[in-house]
Amino acid sequence: MPHTLWMVWVLGVIISLSKEESSNQASLSCDRNGICKGSSGSLNSIPSGLTEAVKSLDLSNNRITYISNSDLQRCVNLQALVLTSNGINTIEEDSFSSLGSLEHLDLSYNYLSNLSSSWFKPLSSLTFLNLLGNPYKTLGETSLFSHLTKLQILRVGNMDTFTKIQRKDFAGLTFLEELEIDASDLQSYEPKSLKSIQNVSHLILHMKQHILLLEIFVDVTSSVECLELRDTDLDTFRFSELSTGETNSLIKKFTFRNVKITDESLFQVMKLLNQISGLLELEFDDCTLNGVGNFRASDNDRVIDPGKVETLTIRRLHIPRFYLFYDLSTLYSLTERVKRITVENSKVFLVPCLLSQHLKSLEYLDLSENLIVEEYLKNSACEDAWPSLQTLILRQNHLASLEKTGETLLTLKNLTNVDISKNSFHSMPETCQWPEKMKYLNLSSTRIHSVTGCIPKTLEILDVSNNNLNLFSLNLPQLKELYISRNKLMTLPDASLLPMLLVLKISRNAITTFSKEQLDSFHTLKTLEAGGNNFICSCEFLSFTQEQQALAKVLIDWPANYLCDSPSHVRGQQVQDVRLSVSECHRTALVSGMCCALFLLILLTGVLCHRFHGLWYMKMMWAWLQAKRKPRKAPSRNICYDAFVSYSERDAYWVENLMVQELENFNPPFKLCLHKRDFIPGKWIIDNIIDSIEKSHKTVFVLSENFVKSEWCKYELDFSHFRLFDENNDAAILILLEPIEKKAIPQRFCKLRKIMNTKTYLEWPMDEAQREGFWVNLRAAIKS
């Protein structure tokens, strides 16, 4: 019994492992380029069976806890390995020994509490390494990165347990493009730990407290080009004179991101920035100012010249006591050399006139996503304000009048570029005043319905995209670039109004087509973006777009964004792939050809009808149909005549003087029906023929050469034949007045041929001695 239980347990384990392995394989997908993706697949281990064909492996967001020596042994060509957000707590020493080609390694946000230099020693090609978010306290007992000579981007540290930076941590690293250190809970920093790195393009430093900030600053000031401080509370920061003895600083840009600061500490920070002689750019992103704008220095403090700072950027600045914020006058003197200022989404509603006048070197001002209205803008753009300003961006403020906005900016004599997009202007006056040097105007997303002479004639670039325009008919002789996408235009603008146009972007309008002539009329056009319209793929449009090889050089979004909207059977297809049938593309020629063919067919039919008596056949067919439509007579018909005589008018002498005399004068006499004598006047001839045949016991046909030439004789023969077969009545009697060869009978007398082949006929004898027998036989035939 124990043995059986043991076997069952072993089998269960094997089956479980087999299912797990199968699940791992199913969660991994690889393409032909060796890019394998298995993220968020609930994997418990690295899938087996990985080969040298794998070049990129993404296993992020799984449940992998262990990496063994054999997991990646065969992946000798692996270039990128992403294992972020797993539960990895153990990596065997030689797990990466075969990854000499690996360039990108991401082990962030796992459970690695101890880092080993043996992991990274074989990774001679590594350029990117991310170790963020693992619960290690230090970066190991020995230098981890000394063998990574090609490393360019390094990210280390965590928010909670990484408390110590040692001098050996970054030994061997000489150049990095980006170094990110999450030292949020840093408690110990060994001097010169970061000084060993000779050059860092961008250093990102996460620090909750500022206690060790100055020590780190001393080490990096001569090696870092861009210093970024994140998540730091500088409310109580105090600057102390640095005893470094160094005057050369490499830092060109200093960024404060998600930093807390006060009026007093901001003054202290500025004293720190004074130590950076080469500082050109200062940036504050998502920061909080716990102050009211009181930046006055104490008697013992003095802010020295800010140096060469040219660019100031402030984004999403939060001021809790915004309603008490009152003064910037102490900073006026520090702004005279600044050339570029961006204050975005920070509730700015006014730039004091005095501050504007101090910004003498300002060339670029971006006040996007604020609260500016025309009245306050007029105060900001007062006389002598921003004398060097060339570019003004007031995107997404509260401007409502184009006319007032233009007049307000007249004081800015050097202004050339204005962006007032995403304001709600709705309408545009007929005329406006703008600075004389205006070259660029952005009116996109301003809800305007038309463009007028308010647009300055001096413009070289105009953006009116994402509005409600259905017509553009402005004469702008100097315009080189026109952005008019996402409107309601149905055709390209008139090229004669835009003689200098180089770039036209008119995508996502209501344009259905454009022609070669339209494009050729833009003599200087180099770039056209017209995709996203509902194109009618007519033959002319397709021929133009598919035959013009140079068109692809002009249409920058060709062919992906050019789709057919009609005809319906090609809707959604790319214009370059659509092929229409000959009938769709040459309809006029096809109709003309069909008409010609129909005319020839009618002509040929007429010739054939004339040659083969087709008209005669049609008349006969009509008579036949008329006869078929007549109501069927009852079997016991009202017989009025013994015989109806069908004969040619040229044989009337024989019929009237011989046949009639012989039969009607016989005792008992026969009553014959002759058309000359018995047809009812005023009645249709065909109806007379039909009625006479139906009222006669027999029908006598007097056959001769004259008979076969008579149309009416043919009708009488046809109706008699109809009676013969339709009523099963043997009523036809043939008299051959003169010999007729069957070959001489016309084709239209087909029924006569049939009757002569199936019935005996009486032949008029030339010998008078035999004529008595002829009359006897005829009388007998009529009586039968």
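Quick reminder: no glycine exception, Cβ is built from N, Cα and C everywhere.
Quantities reported herein were computed from a predicted structural model and do not represent experimental measurements.
Pulled from Swiss-Prot, these are the features on record:
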- 1-20: signal peptide (SIGNAL)
- 21-587: topological domain 'Extracellular' (TOPO_DOM)
- 54-77: repeat 'LRR 1' (REPEAT)
- 78-101: repeat 'LRR 2' (REPEAT)
- 102-125: repeat 'LRR 3' (REPEAT)
- Asn114: N-linked glycosylation site (CARBOHYD)
- 151-175: repeat 'LRR 5' (REPEAT)
- 176-199: repeat 'LRR 6' (REPEAT)
- Asn199: N-linked glycosylation site (CARBOHYD)
- 200-223: repeat 'LRR 7' (REPEAT)
- 224-250: repeat 'LRR 8' (REPEAT)
- 251-278: repeat 'LRR 9' (REPEAT)
- 279-308: repeat 'LRR 10' (REPEAT)
- 309-337: repeat 'LRR 11' (REPEAT)
- 338-361: repeat 'LRR 12' (REPEAT)
- Phe349: site 'Interaction with bacterial lipopeptide' (SITE)
- Asn414: N-linked glycosylation site (CARBOHYD)
- Asn442: N-linked glycosylation site (CARBOHYD)
- 501-524: repeat 'LRR 19' (REPEAT)
- 639-782: domain 'TIR' (DOMAIN)
- 761-778: motif 'ATG16L1-binding motif' (MOTIF)
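Sequence features annotated in Swiss-Prot and their locations in the structure.
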residue : record                                        : Cβ contacts under 8 Å, 6 or more apart
Asn114  : N-linked glycosylation site                   : Tyr136, Gly140
Asn199  : N-linked glycosylation site                   : Thr174, Phe175, Leu176, Ser223, Glu225, Leu250
Phe349  : site 'Interaction with bacterial lipopeptide' : Asn370, Leu371, Ile372, Val373, Tyr376
Asn414  : N-linked glycosylation site                   : Pro387, Ser388, Leu389, Gln390, Pro435, Lys437
Asn442  : N-linked glycosylation site                   : Arg395, Val418, Asp419, Ile420, Ser421, Asp463
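Just going by CB pairs under 8 A, the stretch in 102-125, 251-278, 338-361 that sits most against the repeat 'LRR 7' (200-223) is 251-278. Taken together, the residues of the repeat 'LRR 2' (78-101) have an average pLDDT of 94. Outside the repeat 'LRR 3' (102-125), and at least 6 residues removed from its termini, the chain residues within Cβ reach (under 8 Å) are 60, 65, 78-89, 91, 93-96, 131-137, 139-140, 142-150, 155. DSSP classifies Phe349 (site 'Interaction with bacterial lipopeptide') as coil under the three-state reduction. DSSP assigns Asn199 (N-linked glycosylation site) to a strand.
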